[in-house]
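> Dropping the structure in here first, questions after.
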Amino acid sequence: MLTATGCSFRSQQSTQKTGGQRREKAGDPEGACGSSCCGYLQKQPYFGAVIGRVANRIAKGTFKVDGKEYHLAINKEPNSLHGGVRGFDKVLWTPRVLSNGVQFSRISPDGEEGYPGELKVWVTYTLDGGELIVNYRAQASQATPVNLTNHSYFNLAGQGSPNIYDHEVTIEADTYLPVDETLIPTGEVAPVQGTAFDLRKPVELGKHLQDFHLNGFDHNFCLKGSKEKHFCARVHHAASGRVLEVYTTQPGVQFYTGNFLDGTLKGKNGAVYPKHSGFCLETQNWPDAVNQPRFPPVLLRPGEEYDHTTWFKFSVA
């Protein structure tokens, strides 16, 4: 199910190995009006939304483009997070129905949330069997950072399941980005070998967090540098047999395990979302790339087109 509020992907149904179907996407907030659509307009942790103009964090909400300094809204002290106070997740998009999906578009005006230049954006969701394909395109009137992603939370055990500890996770990344206490990358690109971040072979999430004394993941994993479609991650839920595979053209993925979910948000059919009740695989450029010269380039200039695609493939093993 899709909605024009935040260009959001709200739910996905799939079979399980014992038969029948369940919703496997976590996060469907119910608002005071009793409708989950109403809930998306209230404060909630980006459930299913497209994030922009720049996903993830920008250090201290400042950056320079061609010598000029820009200042963004600080909405996650001391940084700017996910596009600012009123990012792409909080605006209405214009939908256009396609034969096999929906295309959403909007124009982000010059100066919106402090970003330079007008930005035209198109996000297209298409469905091909058990595969959801999300394509992001953008064109800018002047040089501006652009980094778009989708912030869907998943729980392959199904809607209302209390945690993701029994999920097996694999991420195809040899390196990751260490962060400071405000979750801004330090600038180091560190090997995963011998660390808690080595997810190149499947790990059971709950046991892995316990073994390494981790509060959870909220880190960028560095993928292959190719702009072609490449494998990113695989998550398997053994009890149901459900599998999610992610492919992308992006250079990174933010693996987030719902560390800031606290159970206070009421969802569809009375479900609540406690800590670690869902995971995100946010394919994107690397965080704070606009301030990190060693990171993949994030600026989009006039005459260029931002064009990235992510594939979410659902199956039963």
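Cβ coordinates come from backbone N, Cα and C, glycine included.
Automated prediction, rather than curation, is the source of TrEMBL annotations.
According to TrEMBL, the region 'Disordered' annotation covers 1-30. The compositional bias 'Polar residues' annotation in TrEMBL covers 1-19. Annotated beta-D-galactose binding site per TrEMBL: Asn56, Arg57, His151, Ser152, Tyr153, Asp218, in sequence order. Sequence annotations record features per position, and here TrEMBL assigns active site, proton donor to His151. Summarising the annotation, TrEMBL assigns active site, proton acceptor to Glu282.
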> Whole-number answer please: how many Å between the C-alpha atoms of His151 (beta-D-galactose binding site) and Glu282 (active site, proton acceptor)?
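Given the Cα positions, His151 (beta-D-galactose binding site) is 6 Å from Glu282 (active site, proton acceptor).
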> In whole Å, how far is the residue listed as 'active site, proton acceptor' from Asn56 (beta-D-galactose binding site) when you measure between their Cα atoms?
9
> Counting across all protein chains shown, how many other Cβ atoms sit within 10 Å of the Cβ of Asp218 (beta-D-galactose binding site)?
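17, counting other Cβ atoms within 10 Å of Asp218 (beta-D-galactose binding site).
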